[in-house]
């Protein structure tokens with residue numbers, strides 16, 4: 001950040017950032033270019049003093065008009081000289097002045113809008129500015145803002161253990177309040193952690209954990225969902241198994257389906273499952289009790305999604321059912337969507353569109369509110385096995401071994417990703433990457449940002465993971481991990497977050513010192 005220099009040549013540690021409207025004659029005299037210079041015009045000094053006295057009697061508007069006309073009569077090189085002594089007059093240390101007038105909270109609010117690099121530079125301006133940043137705990141507030149707005153930061157806060165030092169701190173009897181220096185040192189440590197996670201994704205540096213599902217009869221894990229405490233999986237042997245994330249032990253087995261469990265989703269209250277027995281079943285997520293059985297489809301229920309009181313299911317019977325979920329025991333059909341000419345393998349939806357994909361090689365888009373047909377996305381050469389829809393983007397995987405990225409609003413195919421050797425069975429994406437699983441047993445990680453850039457010619461596949469020994473049926477991922485299931489009867493957890501010192505060690509990481 002720039003500092004200014006007074007006409008005396010001494011460094012001024014108070015930056016000048018706001019304008020001043022002083023127009024006294026003393027200011028004009030002070031900034032004469034050389035007070036000892038001899039003037040060629042006779043009676044210059046008494047005449048100029050007379051003009052200044054007259055100038056000072058005019059009001060602001062009259063003074064401005066006069067100066068404007070005066071400048072118009074001067075040469076451009078004179079304008080440059082005027083600028084050298086005018087600029088310092090137009091600047092003030094607003095942060096320092098606010099602090100000295102008891103308005104330090106306003107200065108903190110202003111500096112609180114700075115990003116990390118600007119905050120580092122601002123600390124080095126002068127002691128007054130550093131004091132405002134320190135007293136306002138602005139590094140702490142910057143970290144808190146990141147945690148509130150970014151899921152990566154939020155996940156790191158929980159995993160690394162520094163959540164307890166944010167917002168309203170909950171301290172034990174032997175803990176002391178963390179200081180500004182702690183947060184100032186913690187921030188670069190977090191940034192290094194984030195950089196390392198990105199590097200791990202790109203280089204395939206991960207730790208792997210394996211769950212052997214030990215199915216009794218038919219082997220294979222068709223579907224799963226996870227959170228920080230558990231993994232819930234649907235198996236080919238007709239059961240739903242719940243696994244503890246820490247111990248990887250099976251804590252509960254739900255039985256009731258008479259066919260393979262092909263799809264599932266859960267929230268904080270219920271698990272909803274679909275099966276090759278044509279039923280949709282609702283279970284209590286805490287107790288595992290069967291709450292409801294929904295009978296509508298006449299063939300296997302291949303996929304389902306629910307959110308905010310709406311559920312959409314699809315089936316081998318070529319239909320899509322839209323359900324109203326008033327409660328776990330009060331679920332009724334709202335509309336049946338018909339249009340596909342083969343099994344509907346997958347559905348996804350938000351408040352605007354329902355998106356479905358079928359073995360008939362098409363993706364169809366429907367209006368969520370009216371359930372009316374909107375458009376068809378055409379391009380895949382064979383049946384479509386999987387898709388995800390979010391933020392106007394659809395990503396689909398097919399038995400033509402390709403992945404396609406679509407713009408849902410215009411129906412255009414934005415990119416085709418090639419690399420799998422067999423049917424692409426599962427696909428997920430976030431704002432950075434696509435992760436796909438296929439019948440070739442491989443999981444591939446793709447660069448979504450580059451894929452959406454039509455100018456990008458680089459290799460879009462970041463990494464290929466070959467740890468499964470059978471077809472990959474389902475996967476889910478977040479910023480730190482991939483969890484996948486396979487025909488090999490295993491669930492694999494790929495962890496891209498390396499072990500690291502806790503937040504208490506952050507104070508060993510120095511940043512910049514203040515002048």
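Glycine is no exception: its Cβ is also placed from the backbone N, Cα and C atoms.
TrEMBL tags one of the stretches 1-25, 26-50 as region 'Disordered', and that stretch is 1-25. When Cβ-Cβ distances below 8 Å are used as the criterion, the repeat 'WD' (254-293) is approached by residues 218, 220, 222-225, 232-242, 299-306, 311, 313, 315, 328-329, 331 of the same chain, each at least six residues removed from its ends.
Counting residues of the domain 'F-box' (104-142) by DSSP class, helix then strand then coil, yields 30 helix, 0 strand, 9 coil. With a cut-off of 8 Å between Cβ atoms, the residues of this chain six or more beyond the repeat 'WD' (337-376) that come close are 299, 302-305, 307-308, 310, 312-322, 382-390, 394, 396, 398, 406, 408, 411. Secondary structure of the repeat 'WD' (254-293) per DSSP (helix as H, G, I; strand as E, B; remaining residues coil): 0 helix, 23 strand, 17 coil.
Helix first, then strand, then coil: DSSP counts for the repeat 'WD' (337-376) stand at 0 helix, 24 strand, 16 coil.
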